[in-house]
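Colleague: The feature active site is assigned by Swiss-Prot to Glu136, with sequence analysis given as support. Summarising the annotation, Swiss-Prot assigns Fe cation binding site to Cys93, His135, His139.
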Amino acid sequence: MAILEIKKYPDEVLKKKAETISEINGDLQKLIDNMIETMYNANGIGLAAPQVGVLKRLIVVDTSPREQNQSLIVLINPEITDSEGEILSEEGCLSLPGFTTRLKRKERVIVKGLDRNGKEIEIEATGLLARALQHEIDHLDGILLIDKISPLKRELFRKKFKTKK
């Protein structure tokens, strides 16, 4: 396994829509293993393939405390099929180091996709897991945390991190 480079804003790959995965093969399994290792190495709770420069619809998520048994989720071609409620909470991103913001997300989501073996799975999530799944699925559509904040906050972000529009 290898630790991959996490792409940082404003890398253009982060703004592109990821492609549906049509074949589960050895290369994909290696990518999954490398993404898992990369996420844990960065002390993250989720990672999407575009964050490591791969435009494929693949996410890995683990919101369990590090000292407990890990509850790793690997989702291929995930999609949110149902959601309800709203909750405002603090959120950060491995591709936006040093930046956090309060953001409204759905409080409960149902996500369908394939596990790493190609088996269909459905996850009903609330709390931090629901937030992490929504965040990582946003990455698959080229949507970043800063795309969901107010124009004023976005301008302050750009000034602080010295990026252009």
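Any Cβ shown, glycine's included, is placed from N, Cα and C.
Please situate the listed features within the shown structure.
Modeller: Same-chain residues at least 6 positions away in sequence with a Cβ under 8 Å from that of Glu136 (active site) are, in sequence order, Gly46, Leu47, Ala48, Ile59, Val61, Pro78.
Look at His139 (Fe cation binding site): DSSP puts it in a helix.
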Colleague: Other than its own, how many Cβ atoms are within 10 Å of the Cβ belonging to Cys93 (Fe cation binding site)?
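Modeller: Taking every protein chain into account, the count is 24.
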